[in-house]
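Here's what TrEMBL has on this protein:
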BINDING   His69, His109, Glu145  Zn(2+) 1 binding site
BINDING   Glu145, Asp179, His216, Glu261  Zn(2+) 2 binding site
BINDING   His182, Asp229, His231  Zn(2+) 3 binding site
DOMAIN    21-277  domain 'Xylose isomerase-like TIM barrel'
Amino acid sequence: MKYIGAHVSASGGVSQAPINAKNINAKAFGLFVKNQKRWEAKPLESSEIEKFKNEINEFGYNAEHILPHAGYLINLGNPEIEKREKSYNSMIDEAGRCEQLGLTLINVHPGSHLKAITEEECIELIADSINNVHAATDFINIVLENTAGMGSNMGYKFEHLRDIISLVKDQSRVGVCIDTCHAFAAGYDLRTEKAYKNTMDAFESIVGFKYLKGIHLNDSMYDLGLKKDRHESLLKGKLGEECFRLIMNDKRLDDIPIILETIDDTIWKKELEFLYSLSKN
């Protein structure tokens, strides 16, 4: 079964997110557990935590179908030790918030070498940061998102994700999220049955589906391999309907959160209906 939703607003408190998800008939959802553009945030209030837990229980959401997204300032591969420590300490804070909410996953962009160190050195720093986060938390699974390849960002090759995972001490607490827009921008084609198979076969052989914990389902404003990270609403970009049909009928993607981050939240409900209409199940 497919669990599809969107990255919904938590404005007004995290307890708003399940309500916003329910309002679009989502079976899964993403959220920010704090302001994604600031380092600091006040602790979650116990009343807000209780309200969130009550809502996901009432609305029938399971923790494994909720994919929080870590803040945009975090760079787990920052070459400067003070800035890297600030990043993984922020990640520890966000991961702790997820655990307080009873959530088991947190999605994060791997990091950037800022053209100051090699990719290999950056991979080692990212893995070390993840190990630090694991040591400071109880059960959270850190989900590494593939990237589009803009600038000096790591994660645009499946090999990057594989190599980071290989250096993580507790590999039972690390996973991967495939963003379809990012994959396409990085040169992984998904538009035809053959192209989709080639990309997913590559993912299986390099990383492995056992690590796949979520999908960010986005169309792309720009064409294949241009390394431009610009999401688009479904069917308004370059990916095409066949890509989404293949995803909806790929049983390897059952029972994980499939989260829209498309640009027009006013049509998310229609986009979810469209996606379920493609399923042959």
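Just so you know, glycine gets a Cβ as well, placed from its N, Cα and C.
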- Note on the structure: CA-CA within 10 A of Glu145 (Zn(2+) 1 binding site), subset of binding-site residues Asp179, His182, His231 in residue order, equals Asp179, His182
- Task: Would you count the other CB atoms within 10 A of the CB of His231 (Zn(2+) 3 binding site), including those on all shown protein chains?
- Result: 21
- Task: In whole Å, note down how far the CA of His182 (Zn(2+) 3 binding site) lies from the CA of His216 (Zn(2+) 2 binding site).
- Result: 9
- Among His69, His109, His182, the most crowded of the binding-site residues [Cβ within 10 Å]: His182
- Counting across all protein chains, other CB atoms within 10 angstroms of the CB of Glu145 (Zn(2+) 1 binding site) number 20
- Message: Using other CB atoms within 10 angstroms as the count, which residue among the binding-site residues Asp179, Asp229, Glu261 scores least?
- Response: Glu261
- Note on the structure: His69 (Zn(2+) 1 binding site) and His231 (Zn(2+) 3 binding site), compared by Cα position, are separated in whole Å by 16
- Note on the structure: Around the Cβ of His216 (Zn(2+) 2 binding site), other Cβ atoms found within 10 Å total 25
- Message: I want to verify one value. Collapsing DSSP to three states, which class is His182 (Zn(2+) 3 binding site)?
- Response: helix
- Calculate the distance in Å between the alpha carbons (Cα) of His182 (Zn(2+) 3 binding site) and His109 (Zn(2+) 1 binding site), and round it to a whole number. 11
- Distance [Cα-Cα, Å, rounded] between His109 (Zn(2+) 1 binding site) and Asp229 (Zn(2+) 3 binding site): 13
- Message: Can you give me the Cα-Cα distance between Glu261 (Zn(2+) 2 binding site) and His231 (Zn(2+) 3 binding site) in Å, rounded to a whole number?
- Response: 7
- Task: Compute the centroid of the Cβ atoms of Glu145, Asp179, His216, Glu261, then list the same-chain residues not in that set whose Cβ lies within 8 Å of it, in sequence order, for the Zn(2+) 2 site.
- Result: Asn107, Asn146, Cys177, Ile178, Thr180, Cys181, His182, Ile215, Leu217, Asn218, Ile259
- Message: Residues other than His69, His109, Glu145 within 8 Å, Cβ to Cβ centroid, of the Zn(2+) 1 site?
- Response: Ala70, Asn107, Val108, Val143, Leu144, Cys177, Asp179, His216
